[in-house]
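What TrEMBL records for this protein:
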- 194-201, 276-280, 340-343: GTP binding site (BINDING)
- 34-85: compositional bias 'Pro residues' (COMPBIAS)
- 86-102: compositional bias 'Low complexity' (COMPBIAS)
- 97-173: domain 'Signal recognition particle SRP54 helical bundle' (DOMAIN)
- 186-333: domain 'AAA+ ATPase' (DOMAIN)
- 187-388: domain 'SRP54-type proteins GTP-binding' (DOMAIN)
- 27-102: region 'Disordered' (REGION)
Amino acid sequence: MAFFKKLKDKLFNSSSKLDEGLDAIVTDGAEVDTPPPADAPARPAPVATPAPRPEEIPPPVSETPAPPPSEAPPPSAPAPTPTPIEIPVEQTPPAGGKSGLLGRLLGRESSAAPRRALDDDMLEQLEELLITADMGVDTALRVTANMAEGRMGKRLSAREIKELLAQEIARIMEPVATPMPLYPKKPQVVLVVGVNGSGKTTTIGKLASQFKAAGKTVVIAAGDTFRAAAVEQLQIWGDRAGVPVLTAPEGSDPASLAWDAMAQAERDGTDLLMIDTAGRLQNRADLMEELSKIVRVIRKKDETAPHNTLLVLDATTGQNALSQVETFQKLADVSGLVMTKLDGTARGGVLVALADKFGLPIHAIGVGEQIDDLAPFDPEEFAAALTGLDTR
Ligand SMILES: Nc1nc2c(ncn2[C@@H]2O[C@H](COP(=O)(O)OP(=O)(O)OP(=O)(O)O)[C@@H](O)[C@H]2O)c(=O)[nH]1
């Protein structure tokens, strides 16, 4: 199945909500064109059209220099292998203008499609709809203001509004869509943080499997030593991914496990060491101490580690994800996000709010419970899926 179709299906709840909401807004108070007046706007001028995306996904190693300048890859560094979180994206119509034009040319949108003049009332309805889709008030206001710029009084069809919205969303998301950077450092230490249940274990398993498929050697440290069940789950995912999982006795110090794991990874020349961590936010001070101790200890072995601190967020928590980012930014030096459970949630809009508010890279999205249900984040596909623009 085309990846776009899969994403669209999986984002069904979000997209149908926006999709139907936008249709309703236009129908509410719309007039039917028969035919549209010659001077009617054939289609709105595109807003701040996002720079055309290259056909190819960004290179695996980001432009970001390795943590300290001295660690920057030497010119002779071996060519990076394709990043594991890159998944070939099938050709899909862009979220923006082209599909609309094509749609029109192919007669997808009849000239009798209902149109509604863009006025304050309609803008308010749009804002409300975006807020209910978890975009948050600030982002919803900014998005609608941009959509309205230069278009007040223009008569727009539902499809044109969806295209405008998709363009605006893609424009916000474009800068944050970056795969997890890979460095020539061995081991590259990836600290994985997030609240319990956000999908850390699952994401570590999926990422480990993708890194391994890309030819990297990976080892996982089960750093949530306080919960036997968490360790067992991680072992199951390690088995699935074919990657060893280092564990420590229940209740032992996670920092000491991290130390041992670093030593083993260094000894074995392992490419990536992924460290799972506890996610108990109930006692923030303890968690902060635990995370900073892990970091202190691994820095004794490599002062540039951790090279990535991934925050795993559960999309179904909606706006709560925003406060989790704020909290974890205080606890750890978060370098990127993975958003899980985007399948089957009506709260996908929170990604837009996250990108708008924090600008942290979104490395990947979880769209299911299977090992291959982790996809690179593609802003245009996401915008199209979220707004219900598709190839129907
Ligand atoms: N539908 C869906 N479910 C997911 C996704 N990612 C994780 N899950 C499910 O979410 C639940 C929690 O995932 P875990 O990976 O165990 O979460 P965790 O953060 O490690 O949780 P703790 O072990 O309690 O700290 C599991 O039932 C997973 O199958 C996803 O992308 N989509």
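Glycine is no exception: its Cβ is also placed from the backbone N, Cα and C atoms.
Of all the binding-site residues given, namely LYS200, ARG280, the one with the smallest number of surrounding CB atoms inside 10 A is ARG280. Compared over the binding-site residues GLY194, GLY197, the count of CB atoms lying within 10 A of a residue's CB peaks at GLY194.
Filtering GLY197, THR277, ARG280 by Cβ distance to ligand 1 (under 6 A) retains the following binding-site residues: GLY197. Under DSSP, residues within the domain 'AAA+ ATPase' (186-333) fall into helix, strand and coil as 76 helix, 24 strand, 48 coil. Using DSSP to sort the residues of the domain 'Signal recognition particle SRP54 helical bundle' (97-173) gives these counts of helix, strand and coil: 50 helix, 7 strand, 20 coil.
The binding-site residues THR277, LEU342 differ in how many other CB atoms lie within 10 Å of their CB, and the one with the most is LEU342.
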